[in-house]
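Peer 1: Structure provided below as structure tokens; questions to follow.
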């Protein structure tokens, strides 16, 4: 009888322990309790009287109710009883962030803090050349004939052109975008179709500039343009811009920077809203409402501005630029005006591109000699 009371006392002690468990540990504790009961029941001279209900502090458990088959019941609980007791006896404290860091430091070593990547500062041209020429006047000389705009032919020589310099120094992002556009167009049109498309775009641009030359030139001995071309969408697109253009000084005229040694063929030098500008006329099938949408066109314009200011063939000086984007469907063109301050900003970028081109050409020449 004493041994029976001792075993019952043990059962009561187990019940008291399990009653303090949290809801998340209830199922696991119940398995341990059942294991202990089976061990006591198998002992000699001991019998457990069935109780209809055992009440816990957190919930109720009906001993007589048949439970669903649980895969955990198939585990040999007597074999792993020591492991179960060691797990249940552990009471870990909630880990604070500091303890987590210490544990990670022990397992993986100290954390190596990487320095933030240095942001590349805006480059400064090594060989600085001013955009504006202090020796030149800001206005055309009185002796020049306003009825005859300058039209200096472009001489083909070893001096690189503005177009070539910009093409050879495009960024990887620009090259990638251009290649993706080319692949997409070839998929849509095929190789022959894409070649025909680019040829037609070049021809449309050429005819557009010819029509502009005939419109802007005060001379009457020029070849009469095609009437259909004057009625084209591109010409209709720029009508509101042409109303603000006057005092044309140059048309399709070559320029050369005497100091930096590059050449170009500018579209027009004229007054736009009372300010003398280098004007660049562009055609586009896509809307370009902001100057950022024109890619390298501002660099091209400012390169012409600097060349005009340092070319002895031009008696005047230009301080502003204008990019006009005309559309084939005749919708109003977008004029992008560049004042002296904006031109100065793009001038620094142009000088960097020019230096990059010079460096590439020098390296290529060295490789040819090796």
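Heads up, the Cβ atoms here are built off N, Cα and C, so glycines get one too.
Not measured: the values here are computed from a predicted model.
What TrEMBL shows for this protein is this:
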| type | residues | note |
| --- | --- | --- |
| ACT_SITE | 267 | active site |
| ACT_SITE | 280 | active site |
| ACT_SITE | 282 | active site |
| DOMAIN | 176-354 | domain 'PD-(D/E)XK endonuclease-like' |
Peer 1: So what's the average pLDDT for the domain 'PD-(D/E)XK endonuclease-like' (176-354)?
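Peer 2: The average pLDDT of the model in the domain 'PD-(D/E)XK endonuclease-like' (176-354) works out to 91.
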Peer 1: Sequence gap of 6 or more, C-beta under 8 Å: which same-chain residues meet both conditions with respect to residue 267 (active site)?
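Peer 2: Within the chain, residue 267 (active site) has Cβ neighbours under 8 Å at 209, 212, 251, 252, 279, 280, 281.
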Peer 1: Are there any residues in the same chain, six or more apart in sequence, whose C-beta is under 8 angstroms from the C-beta of residue 282 (active site), and if so which?
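Peer 2: In sequence order, 294, 297, 323, 324, 325, 326 meet the Cβ cut-off.
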Peer 1: Please work out the number of neighbouring Cβ atoms within 10 Å of the Cβ of residue 280 (active site), leaving out its own Cβ.
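Peer 2: Around the Cβ of residue 280 (active site), 21 other Cβ atoms lie within 10 Å.
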